[in-house]
């Protein structure tokens with residue numbers, strides 16, 4: 001994989017991880033122990049590996065069977081997901097956040113990684129390298145979740161919505177780029 005191929009994946013990994021970062025900011029404002037913060041970040045990272053992997057496998061199958069239609073659908077999926085993230089982050093009300101423990105941690109990690117499934121589906125259609133992509137998505141999401149949790153301990157929610165909006169705009173941009181390559 002060349003450096004030029006790696007840069008878009010890194011940017012996309014940050015776009016996907018912004019959801020975990022934003023939610024972690026709010027969660028970090030609670031009294032969490034360092035061990036809890038580390039565990040939450042690792043769990044989010046693992047889900048950001050599993051979800052795009054499943055999406056990429058499914059995307060490759062669709063690509064082999066449906067070719068150009070799958071290519072177009074993958075781009076539209078990224079654009080739609082990006083707009084949805086922007087829309088929902090602008091309109092969502094501030095909800096009560098609880099510390100995820102046990103099953104609720106898995107539900108939480110699944111919730112913030114569901115968009116990586118869709119992106120994985122699109123990347124699978126385009127034939128992206130699976131191992132590098134999923135490890136990058138997982139690692140960046142874990143780091144962003146930890147960053148959000150630690151910043152949240154010190155700041156009172158300055159970036160939450162804005163982080164999600166930026167992530168959504170980046171996904172829209174990549175979807176448009178796939179539809180209309182420069």
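Glycine is no exception: its Cβ is also placed from the backbone N, Cα and C atoms.
Since the structure is predicted, the reported quantities are computational estimates derived from the model, not experimental observations.
What Swiss-Prot records for 6-26, 37-57, 71-91, 101-121, 131-151, 162-182 is transmembrane segment, and it gives sequence analysis as the kind of evidence.
Counted over residue pairs separated by six or more positions, the transmembrane segment (131-151) shares fewer than 3 Cβ pairs under 8 angstroms with the transmembrane segment (162-182), which leaves the two as not touching. Of the Cβ pairs linking the transmembrane segment (37-57) with the transmembrane segment (71-91) and spaced 6 or more residues apart, fewer than 3 are under 8 Å, so the two regions do not touch. For the transmembrane segment (71-91), the residues of the chain that approach it from at least six positions outside its boundaries are 19, 22, 59, 62-63, 115, 118-119, 121-123, 125-126, 161, 164-165, 167-176, 178-179, judged by C-beta separation under 8 angstroms.
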